[in-house]
Amino acid sequence: MCEIFHKFIMGLRDFIKEYFLGFWDYETPKVMVVKNTTLGVIYRSVQFLVITYFIWYVFISQKAYQESETRPESSVYTLMKGTAVHGDDILDTVEYARPSEGGGVISTILRREVTYDQRQGTCAEYFNVANANCTRDSDCVQGEVNFDGHGRRTGRCVQYYNHTFKTCEVQTWCPIEEYAVVREPALVEAINFTVFIRNSIHFPRFKVLRGNIKDASNKRDMKKYLSKCHYNEEKEAYCPNFRLGYIADQARENFGELCKTGGVIGVFINWKCNLDLDPSHCKPTYSFRRLDLRKDQASSGYYYRFAKYYNKDGVESRTLIKAYGIRLDVIVHGHAGKFSPIPTIISTVTAMTSVGICTIICDWIMLTFIDKNEVYSERKFDEIIKEPKVPIPTELSYISSYGSNHSDLSDGVPL
């Protein structure tokens, strides 16, 4: 037992000694020319891929030589324009736009469901509400409030309006919406409504301020231009007026379906500016996408409720309106870049260093798959204990007893 322990201690001591002495060894690469066509093709191919990646993707596509800014300061102003005929009424922006003018979010009403002349009182609860159906008063708990229902229960079981069955009575705005609602036809003329979107963006690092409206020589020309133009990606890239029909088409949505269920559409303004060029080349691009769940989902669409209050016969009354519409969320993204020596140096050094991957890959292939007789490994790794007395020749030659620093493995080495 003592002998085994003694051997273990001696082995551990030798290992620590060898590791300590080896820690101070110096290693230097050894150049070895291998006359192997397959390995040469692999080496040059990997080199070509690495260099192409850095030139095309890193420097040309990603512009790694530039200093960039991705969090600009931005402001958005929106305004809905248009007039529609709805029955005998003329609707303007005050009637259908919420808010009539605002910031990054604006909506327009496409269809309404109206409940007229509601007053505070007691009436029958909607029959689809949980535990609302009853046959006697004891089925209704007085003072109970169901948050899926319409109000507080009185404890009475009453007839459901003109029907034969009964539901619990509630204190609320009567009559309830589900019973007295009037569904109006869709506002199909809204397809020609226009949304004015003014966007200004500032890149503080580069002190560049840009806007999405075309410059004009005077205000009169500007107003005349804005009153007539409609955005077109090729012809009117600086016009900030967008038709709702155009927005729906670009978002690949059917306007008729949007009139039924409503929807939320994102208006994305993308600024990608190369400030090595004149700032006038910094132009916005627009994209549109539906943001809410699709129409086949239970929670899809966009709607909200609001009420118009008035006094009738000395009693406070209201008209409840459930409005379905399109909500536009204007979302601005910005990226600006300009030449800077620091990222250029970093990217260049990274590219030059990455070329060394080619040597690592080819060394692994050579020593793993090609070096069957360990011919290459014997010449690639040399251990020099002390400096030789005879100088080592610098020209390419076959391996000497000590091995040259630059070896040429040609026809004399079997593969």
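Don't overthink the numbers, they just go from 1 along the chain as shown.
Placed from the backbone N, Cα and C atoms, the Cβ positions cover glycine too.
Marked as ATP binding site by TrEMBL: THR194, LYS322. Taken from TrEMBL, the feature disulfide bond covers CYS123-CYS174, CYS134-CYS157, CYS140-CYS168, CYS229-CYS239, CYS273-CYS282. What TrEMBL records for ASN192 is N-linked glycosylation site. Among the features that TrEMBL reports, transmembrane segment is placed at 41-59.
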Field: Contact set, same chain, for the transmembrane segment (41-59): CB under 8 Å, 6 or more residues outside the stretch
entry: 65, 347, 350-351, 354-355, 357-359, 361-362, 365
Statement: Sequence-ordered disulfide-bonded residues within 10 Å (Cα) of CYS168 (disulfide bond), taken from CYS123, CYS134, CYS273, are CYS123, CYS134
CYS140 (disulfide bond): nearby recorded positions from CYS123, CYS174, THR194, CYS229, CYS273, LYS322, Cα cut-off 10 Å: none
- line: Smallest Cα-Cα separation from CYS134 (disulfide bond) among the recorded positions CYS123, THR194, CYS273, CYS282 is shown by CYS123
Field: Rounded distance in angstrom between the Cα atoms of LYS322 (ATP binding site) and CYS174 (disulfide bond)
entry: 16
